[in-house]
Amino acid sequence: MMIMDNIIFSLSSTSHFSPSPPPFTTSILTCKHHPTTLSLKSSSSSDSPDKPTTSTSRPTTTNSKPLNTPLSHNLEFTKKPLKLLLNSPPSTTTNNKPLNTTPLHNLEVTKNPLKILLNSPHATSPPPPPTTLTNKLWLSNKLSPPPPQPPSLVPNEESESGSDLDNLDVKEMQKSSEFRGKGKIFIGNLPLWVKKKELGEFFRQFGPIKNVILIKGHHETEMNKGFGFVIYGGATAEKAAMKAVEFDGVEFHGRVLTIKLDDGRRMKVKTEERKRWVEGEDDVEHRSKWHEEREGSRNNFRKVLDTQPENWQAVVQAFERIKKPSRKEFGLMVNYYGRRGDMHRARETFEKMRARGIEPTVHVYTNLIHAYAVARDMEEALSCVRRMKDEGIEMSLVTHSILVDGFAKLGNIEAAERWFKEAKERHPTLNAIIYGSIIYANCQTCNMDRAEELVREMEEQGIDAPIDIYHIMMDGYTSTGNEDKCLIVFDRLKECGFTPSVVSYGCLTNLYIKIGKVSKAFEVSEMMKLAGIKHNMKTYSMLINGFINLKDWANAFAVFEDVIRDGLKPDVVLYNNIIRAFCGMGNMDRAVRIVDEMKKERLRPTSRTFMPIIHAFAKAGEIRKALDIFDMMRRSGCIPTVQTFNALILGLVEKRQMEKAVEVLDEMFLAGIRPNERTYTTIMDGYASVGDTGKAFEYFSRIKDEGLELDIYTYEALLKACCKSGRMQSALAVTKEMSVKNIPRNTYVFNILIDGWARRGDVWEAADLMQQMRQEGVQPDIHTYTSFVNACCKAGDMQKATNTILEMKRVGVKPNVKTYTTLIHGWARASLPEKALKCFEEMKQSGLKPDKAVYHCLMTSLLSRATVAEYYVIAGIHRVCEEMVESGLTVDMGTAVYWSRCLRKIERTGGDITEALQKTFPPDWNSHRNLNAALNDTGSNEGLDNGDYDDGPFYETDIDSDDDT
């Protein structure tokens with residue numbers, strides 16, 4: 001009985017501590033647990049008086065290895081064991097037979113502070129103070145001293161009940177003791193705005209701080225919830241925490257703080273929640289209401305991303321409904337903005353993630369870099385790369401691929417090659433994606449040799465080329481106009497087991513459109529139909545664009561009708577091509593109505609929509625309407641760009657209205673838009689057309705002074721000005737400057753120079769330029785040969801001109817109308833009308849249709865020799881007159897006056913030739929009333945009697961247009 005009383009005293013004395021703060025043991029504060037095992041288990045008992053029972057306690061000790069577990073883990077209470085133990089009498093019998101009870105001295109306790117007490121059956125005094133639980137809780141004694149010992153040790157019902165509850169508190173204390181942190185204090189009633197820095201500075205006075213934890217709000221991440229924790233570090237962590245707790249109630253920024261030792265409650269709740277989450281209850285995975293709502297919002301966000309990526313508002317709303325997004329959701333949102341090219345919102349989302357304390361990984365950084373790459377801001381992308389390196393985050397292969405692709409789209413082949421080289425050095429194996437990016441970069445710069453080398457390298461490494469690589473190579477060969485290799489790649493694509501897609505056929509269509517073989521493009525279209533592949537908007541736009549380049553308006557509109565018939569909805573690009581077609585026809589009013597139709601279809605016009613209309617009105621001389629369209633573009637929400645002003649200036653330049661073009665240039669400066677190289681080059685080209693070399697050099701100097709880039713087009717305009725004015729030495733100086741700047745001469749430059757020497761009749765210089773073209777690998781085109789034929793004709797070397805025509809046919813260059821016009825003019829100058837007639841017939845046999853310039857040259861030649869030539873000349877005049885009448889051609893008044901003077905020499909009183917030829921004169925022609933007045937007004941034509949046709953206004957205008965092609 002004495003032993004049991006001692007046990008009761010020892011255990012119940014622990015229940016008289018203050019409930020707040022809860023007691024702490026020295027072993028808990030030092031994170032050291034006594035390897036104590038205490039098991040108090042009661043046997044089954046009954047309330048029947050016939051079968052009284054005695055609770056038995058049978059502690060067990062594991063001898064194989066010491067039990068180094070907390071006390072709270074080893075205390076096991078079943079059916080209130082402490083109460084049963086206290087209520088059990090020391091000795092009870094039933095029917096005068098002793099119960100089969102286990103003696104108390106057999107109760108095994110190993111390494112327990114109560115061992116001496118339990119093993120002393122005749123103890124007459126309480127246990128010594130060092131072994132009591134009260135004395136072990138030294139920190140609790142300092143914080144809340146225990147009440148005095150009760151005067152009586154005799155238990156009654158109330159004390160038994162109180163002891164039961166007190167021991168349950170001990171149980172809870174012991175269970176939660178393992179969750180208490182070393183040197184960790186709780187701080188409450190904090191100002192909501194306070195930051196970690198201010199809190200750390202205040203509590204630093206008690207000891208070194210290991211960490212400061214502020215609990216932030218779910219919705220206001222910039223504010224805290226009013227409480228937090230401070231964790232002290234070092235050997236004096238416990239002592240520092242005790243000192244801090246003594247300042248409970250101190251004032252801090254107008255708030256009275258609550259400071260106490262951490263009771264482990266927060267960690268305990270988290271641990272139990274995590275346990276239920278992992279293990280579940282009744283084999284059912286645990287989900288709290290908050291987690292269920294969060295998981296539902298996260299799933300809904302991913303669903304919206306997959307099903308409605310074009311609806312950015314729905315995506316943003318789904319993201320904002322997530323109460324506490326994780327790193328994965330932030331990464332998905334950054335990636336979404338990256339695909340849209342919205343680098344500002346992508347960066348904003350990235351910074352919000354960091355503000356929540358979520359550190360970015362390589363995947364999140366890669367998504368942000370992708371956003372900058374799509375937006376073509378590679379400087380910011382490189383700044384993200386530098387930040388990654390500063391934070392010790394290694395770049396992945398995907399990151400390198402994005403950088404290579406970004407620089408490839410900007411045309412910066414050097415940077416793309418540099419990052420590709422770094423990827424090869426850092427990653428043991430590459431994939432087809434990064435190879436596709438670097439191949440694309442070389443194809444964009446027309447470096448097909450390097451692209452072929454990369455394809456070979458990729459295949460040698462065992463990387464199978466996807467179909468996209470084939471498309472990239474086909475597009476590269478399209479840019480260089482290499483039809484043969486493009487077809488080889490297309491055939492190889494099919495041999496490798498790939499099925500040609502609409503992109504494959506689109507590459508072929510684009511090839512034939514660019515090289516001018518629209519009929520071949522139509523054959524590709526038929527191949528698509530046979531393969532069961534339908535056209536998309538891009539392929540239709542290519543066909544329409546091809547017909548527009550050929551000025552075949554009817555077929556262009558027919559393709560547009562096919563688009564409508566196939567049920568496709570025209571997009572902005574297709575409408576822009578149709579507007580170009582109407583402007584090319586000169587029907588600008590219909591083009592304006594197309595813009596109105598676009599608005600009805602809720603398609604927003606772009607600056608490219610209005611540019612052809614502005615250019616067409618300006619070219620037609622209707623400057624007022626061009627400016628009205630300019631204002632209409634502004635009202636439609638399109639901000640005028642330098643390209644828009646360039647279109648207006650180009651139309652004025654083509655109309656030779658240079659003063660108004662310069663006025664538009666001044667308006668650009670007033671609008672805050674800086675002219676570019678194209679602007680000044682267009683004005684230079686206009687002054688070159690009118691032969692004002694001084695103005696052309698003036699704007700050339702302005703390009704240099706403003707630091708703009710001097711490209712091949714600028715030098716072409718300057719050369720044209722020099723050659724038009726006959727300043728060939730200045731032209732040679734310009735070519736030398738081009739050589740110094742490593743700007744190669746192309747076909748157009750050689751054409752300008754050859755035409756300049758042709759104007760002077762210097763066939764030797766022209767022939768030398770032809771030889772230089774062959775040496776530099778520049779292929780002559782139809783304009784080159786036409787200019788050289790003109791040089792030969794002006795020099796009177798018709799044999800060389802004829803040989804040049806034969807050479808053209810031999811190399812596959814078909815003479816056009818202008819070539820034959822130049823040759824007919826040469827035969828006319830040589831006073832050989834029969835040769836001119838033969839050349840005229842040859843032109844018609846080749847399928848070419850004569851124009852006004854041909855008829856003008858041929859008829860002038862025949863009329864000049866009609867008085868001295870044989871019958872075939874008269875027959876030729878009749879035949880040409882009939883063709884002109886059938887074609888409905890009417891000459892201008894100056895030509896009519898000159899021809900009438902020639903007719904007076906052939907038929908002084910009129911005749912069949914005069915009657916036939918006058919059918920081609922203007923309608924208001926009156927040979928008897930207006931002839932004298934016309935002759936007086938055109939006295940300058942007296943010099944034409946000798947057969948010199950070089951000053952004929954019609955012919956010279958037509959030949960000059962050859963320079964603009």
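Residue 1 is the first one shown; counting continues down the chain.
For all residues, glycine too, the Cβ spot is worked out from N, Cα and C.
Copied over from TrEMBL, here are the features:
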COMPBIAS  37-66  compositional bias 'Low complexity'
COMPBIAS  85-104  compositional bias 'Low complexity'
COMPBIAS  932-943  compositional bias 'Polar residues'
DOMAIN    183-274  domain 'RRM'
REGION    37-73  region 'Disordered'
REGION    85-105  region 'Disordered'
REGION    118-168  region 'Disordered'
REGION    932-965  region 'Disordered'
REPEAT    326-360  repeat 'PPR'
REPEAT    361-395  repeat 'PPR'
REPEAT    431-465  repeat 'PPR'
REPEAT    466-500  repeat 'PPR'
REPEAT    501-535  repeat 'PPR'
REPEAT    606-640  repeat 'PPR'
REPEAT    641-675  repeat 'PPR'
REPEAT    676-710  repeat 'PPR'
REPEAT    711-745  repeat 'PPR'
REPEAT    746-780  repeat 'PPR'
REPEAT    781-815  repeat 'PPR'
REPEAT    816-850  repeat 'PPR'
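For the repeat 'PPR' (431-465), the residues of the chain that approach it from at least six positions outside its boundaries are 397-398, 400-401, 404-405, 407-409, 411, 413, 416-417, 420, 423, 472-473, 475-477, 479-480, 482, 485, 496, judged by C-beta separation under 8 angstroms. Outside the repeat 'PPR' (746-780) by six or more residues, the chain places 712, 715-716, 719-720, 722-724, 726, 728, 731, 735, 738, 787-788, 790-792, 794-795, 797, 800, 813, 962-963 with a CB less than 8 A from a CB of the stretch. Looking at the repeat 'PPR' (781-815) alone, the prediction's average pLDDT is 85. Helix, strand and coil counts under DSSP for the repeat 'PPR' (501-535) come to 26 helix, 0 strand, 9 coil.
The list of residues near the repeat 'PPR' (606-640) in space but at least 6 beyond its ends in sequence, with Cβ under 8 angstroms from a Cβ of it, reads 572, 575-576, 579-580, 583-584, 586, 588, 591-592, 595, 598-599, 647-648, 650-652, 654-655, 657, 660, 671, 673.
Across the range of the repeat 'PPR' (711-745), the DSSP-based residue counts are 26 helix, 0 strand, 9 coil. For the repeat 'PPR' (361-395), the residues of the chain that approach it from at least six positions outside its boundaries are 327, 330-331, 334-335, 337-343, 346-347, 350, 353, 402-403, 405-407, 409-410, 412, 415, 426, judged by C-beta separation under 8 angstroms. Look at the repeat 'PPR' (326-360): DSSP puts its residues at 27 helix, 0 strand, 8 coil.
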